[in-house]
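Shown next, in structure tokens, is the structure this report addresses.
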Amino acid sequence: MKRFLLGLVVVVLTGILSIVGLRMWNDRQYQQEEMESLSHYRNPQDISLYNTTIEGVTVEHIEGNYLNGFSLKPKLRKHEGVIVTFGGSEGSPAYERAVMLAQNSYRVLALFFFGMPNQQETLVDVPVEYYEEMETYIRKDLGESGPITLIGASKGAEYSLLLASLYDSIDHVVAYAPSSYVFAGLDFQNISSSWSQAGKPIPYVDMTKAGSLALFWDFVTKSPISYLKLYQTAVDMDEERAMKRIPIEKAKADIVLFAGGDDQVWESGKMVEEIKARRPDKTMVHLYPEAGHIFVGNGVADAGGMYMKMGGTEKANREAREDSDRRLLSYLASWHAPIENQ
């Protein structure tokens, strides 16, 4: 018995030391130095962390009923209409992209869709009616009558496509690493849809029913976590998945889809093709086979104490970013007519 207990203690200690060693190694391997220009990612909802002193652009924090974000107005404006940017599950308003577009002479609203004091605290049951307030602000407060373009990434892309299927006044959508389904929200204390309509959750694919032991091990050892299998399994298991697809065939907007073939978060490469198949007219797909979920970095993201597999190599992601930026500006220039006499 003593030998057994001693052996058990040795096994347990070895396991603990192995886990500690793996955690330390993964920290050294993947921990990223924080860039001052991206300091707001520590806490995306802290507006004091955003650099609002942008040469040639006036930046104002705006807030309404559910509306919350930044208005970016170029001092030399060259294009009609307004672009709205959304980030992803990190909770940002895609501020860097908004700044880039404003510096290219577009009027931009960089908007939060959860996490701010006047919004859903977490990414769950975010109302689609938020768009109605956005549109009112654009038309009445800004006095803009030109086209409205939504640009979203990841969960923001899912939201943008869903809104386009519901509101005909959305003229154009650009979606980076989108989903073709409505998925569950990311509040695991309150399992519900990511989105709501008329106060009720929109039918969703529930990832919590597709749990994975591998995810737990990766979390304990601080190994980079891939959610790809979780999302794949959740869709495959859901016998009612057809009714949980975003009804993109109802959208009137021009749609541009960017995705990486090595996306390790969810199958955006496959889902952009599904979207195109269901709604072929006015839908453009740009797939980068070796790029990941986000077109930046070496395929792993430091999420503040845990690491996420995003996919792609540094070279493939950089090339996808450069090409998609070039294409984005080309599409926007064709959609948003030049303003005369500026």
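Any Cβ shown, glycine's included, is placed from N, Cα and C.
All TrEMBL annotations are machine predictions without curation.
Since we're looking at a predicted model, the values are computed, not measured.
Per TrEMBL, the feature domain 'BAAT/Acyl-CoA thioester hydrolase C-terminal' maps to 126-323.
All protein chains considered, the CB of Ser154 (active site, charge relay system) has 25 other CB atoms within 10 Å. For Ser154 (among others), the entry in TrEMBL reads active site, charge relay system.
Among the features that TrEMBL reports, active site, charge relay system is placed at Asp263 (among others). For Asp263 (active site, charge relay system), applying a Cβ distance below 8 Å and a minimum sequence separation of six or more within one chain yields Ala177, Leu228, Gly269, Ala291, Gly292, His293, Met310, Gly311, Gly312.
The Cβ of His293 (active site, charge relay system) has 30 other Cβ atoms within 10 Å, all protein chains considered. Per TrEMBL, the feature active site, charge relay system maps to His293 (among others).
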